[in-house]
Amino acid sequence: MKALAKLKAEEGIWMTNVPQPELGHNDIMIKIRKTAICGTDVHIYNWDEWSQKTIPVPMVVGHEYVGEVVAIGQEVKGFNIGDRVSGEGHITCGHCRNCRGGRTHLCRNTVGVGVNRPGSFAEYLVIPAFNAFKIPDNISDELAAIFDPFGNAVHTALSFDLVGEDVLVSGAGPIGIMAAAVCKHVGARHVVITDVNEYRLDLARKMGVTRAVNVNKENLNDVMAELGMTEGFDVGLEMSGAPPAFRALLNSMNHGGRIAMLGIPPSDMSIDWNQVIFKGLFIKGIYGREMFETWYKMAALIQSGLDLTPIITHRFSIDEFQQGFDAMRSGKSGKVILNWD
C-alpha cells in the first residue's frame, strides 16, 4: 500500500510502498480518507534532536486522521464494517496502575501511533478497537481528521472552570487557537491570545477571540487595561513552550490563578518562582487527551455550534504532500489536510 514514511535519518519524508498492516484479534482496520499534518510530523520531517532520539527508521508516520472501518478482529464488539472513525493516537497498556485506575491518558507504557508504531499516513491503518472513536454523522470528515489536536486543545481548555473567567492563551498555533475558541464558546468573559506570528494571530481573530496580541507590537498590560481588567487573568493556557511567553503569563495571572501547560519548554527554563508561590498559582501539566471523556466533549462542542472550520487553511491530495509540509513549515498555515480518496 502507499504510505508516507521516514525512510532516512535526515531531513524529509518520502512516499513509499509498504505491506498492508496485519489485523489482530482485538484490532480494527481503517481505510484512510483524510489525514492532517501535526507539529510532531514536522519535527519528524525536520529530523530534530527529539526525532533522532525517538523515531525508529523506517517508520510510517502520521496520527491525525479519519477513515472507514474495513475489517474487524474476531474479538471486537461495538464496531461494524463501514463505520466512520478517528482514533486515539496513544496506545495504552491496560494493566498499569493508571490504566486500571481510570487515568488511561497517563499510562506509563504509552506507545504512539506514527511515532513508535506505524501511523496513519497510509492507505490503511490498524489500531486496537479500544482506541477507535465513532464519528457522528453531523461532523464532517475534515473536522474529524483534526480530532487529535482538537483533543489537546479541549483537554487543556477544560482543565478549569471557565464561565465568566478571563483567560490568557500564550501561543497561537492551531492548538492554542482552538483552545481559545473553546474557552469563548463555553462562557469565558475575555479570551486573549498572544504570539508574534501575524498570520496566526489573524487566524485567531477569525476564530472569535476577544483580543489577539502581537507582543512585539503591543503591551499586554495595556490590553488588560483596555478590557477593564484590574486583577489579572483567572486562567492561563501555556501552549507555546517559549520561556518569554510563560514568564509573561505568570506575570499577568491573578492571585490564585490556574495554569494548564501543554507547550513543552526547554528543560533549563528559568522563571520567577515568587510569581508562583506568593500568588498561590496552580500549574497543571497536560498530556494527550483524557480517554475518552475528551473525545465525547469534542463531538459535543462541535454539535453545540463551535465552528472550527477557519482553522483548516490548506488542502492537498496525498500526492501533493510536499506542498502540505512546506505550508506547515512556513508558519503561515492553520491545519493542513491531506486527502487520500
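FYI, residue positions are counted from 1 along the chain as it appears here.
Just so it is clear, glycine is given a Cβ too, placed from its N, Cα and C backbone atoms.
Record note: Swiss-Prot gives H63, E64 as Zn(2+) 1-binding, and the candidate from C38, C93 in that site is C38. Going by what Swiss-Prot states, the NAD(+) site holds D195, R200, L262, G263, I264, I286, Y287, and the candidate of I175, I302, I311, I312 recorded there is I175. All chains included, 26 other C-beta atoms sit within 10 angstroms of the C-beta of D195 (NAD(+) binding site). Take the recorded positions H43, R200: by the count of other Cβ atoms within 10 Å of each Cβ, the lowest one is H43. Comparing the Cα of C93 (Zn(2+) 2 binding site) with the Cα of every entry in T40, H43, I175, I264, Y287, these being the recorded positions, the smallest distance points to Y287. In this structure the C-alpha atoms belonging to E64 (Zn(2+) 1 binding site) and T40 (active site, charge relay system) are separated by 11 Å. Annotation for the binding-site residues C38, C96, C99, I175: lowest Cβ count within 10 Å of the residue's own Cβ, C96. Closest in space to C38 (Zn(2+) 1 binding site), of the binding-site residues given as I175, D195, I264, I286, is I175, taking the CA atom of each residue. Ranking the recorded positions T40, C99, C107 by the distance of their Cα atoms from the Cα of D195 (NAD(+) binding site) places T40 first.
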